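So that you can see what the record holds, here are the features copied from TrEMBL:
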TRANSMEM  40-62  transmembrane segment
TRANSMEM  74-94  transmembrane segment
TRANSMEM  106-124  transmembrane segment
TRANSMEM  150-172  transmembrane segment
TRANSMEM  200-227  transmembrane segment
TRANSMEM  234-255  transmembrane segment
TRANSMEM  261-279  transmembrane segment
Amino acid sequence: MSEESFDTSSRKMFDTTKEVNNKTDNNNRLHFWSNSVNSVSLVLLSILEAIIVIALEAVIFVNFHNTEFSKHNLGLGIPVYLMIFITSQVFQVFTAWDAVRAQNTIQVIAFLLFNLCCFVYAVFQFKQMADALRSNDPYLGELANWLKSFIYRLLIAVAVITGVCQLAYFYLGIRLYQEFGWKIYKRIGADPEIRNMYRWYQIFLTILKLDFFFFLGYSIQYLILVLRNNDPEFPLTIVALPVTCLVLLLAVYAVRHESKWLISLFFLGLFAGVAYFSFKLYRIYDVSQAEKYKFVKDFLTFFGK
C-alpha cells in the first residue's frame, strides 16, 4: 500500500470512527435502555456482581483490619489487596458500560478477560489469607482459626459469584459479539482495509484503558507495601505515576489526531516504561532484595506483567 493510499484509508477510518461514536453517543444518551436485552443484562449483571462482591470484601476488610494479623508480615498487605480488588469491581462496571455504550466488541472481550482475572484472584485470596493468618501464639492461633472459618465462607461466596458471573458474561459476550459486529459492519462498510484498521484502533484504546488500571494498582502496592520515604525509588515511583498517565493520554490524542511525532514520543515513553517495569521485576527477584519483597512479590509480578 502506498503512503498516499494509507493516509487516505487512515483518514477515512477515523472519520468513520468519529461518525460512529457521535451516532452511538447520541443514540445511547436518549435510548440506552431500549438497547438489546443482552446489552442491558451485561451492565446490570456487572453492577449486581460489583455490589455483592464489594459488600463481602468490605466485611472481610473490617474483620481482618481490626486484628493483630493486619500489623505484621503479609497481613500488612491484605487491606491494600482488598481495596484494589474492590476498585477492580468499580473499574469492571465502567468497562462493561463503556463497551455497551460504544458497541465495542474488542472491549467486550477485554471485559471478559478482566473478570476472569478477578475470578483467578478471588481464588488466590484463599492462599493469601492462609499465609497472613499463620501464628505460633496460642491466643492468636485461636483467633486465626475463627477468622479462617468466618472469612473463608465469604471468600467462597466471592469466588462462586465471580465464577458464575463469568459463565453468564461468556454467554452474553458471544451474543454481543455477533450483535455489535453486525452494527459495526453496517456503519463502516465491507472494506477489509478500513475494518482491519478500525479493529486495531479499538484494540489499542482498550489496552490503554487496562494499562491505566494495572499501572495504578501496581504503583499503589509498591508505594504502600514496599517503599519507605528514605528509599531512593520512592520519589522515582511518585514521579512515574503522573508521567505514565500523561503518556497514556498522549497516546489517545496522538492516534485520534494522526500525529506522527506524538506517536514517536509515545513509543519513546513506552520503551522507558518497559525498562522501568523490567527493572522493578528484576529488583523483586533479586536475592539481595528477597526480604523486602518476601510477602508481595507474587501479586506485584502479576500486576507488573
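A Cβ is built for glycine as well, from the same backbone N, Cα and C atoms used for every other residue.
Remember, TrEMBL labels are computer predictions, not curated facts.
Among 106-124, 150-172, 200-227, 200-227 has the largest number of CB pairs under 8 A with the transmembrane segment (74-94). Stretch with the most C-beta contacts under 8 angstroms to the transmembrane segment (40-62), considering only 106-124, 150-172, 200-227, 234-255, 261-279: 150-172. Residues 240, 243-244, 247, 250-251, 253-255, 304 of the same chain lie 6 or more positions beyond the ends of the transmembrane segment (261-279) yet place their CB under 8 Å from a CB of it.
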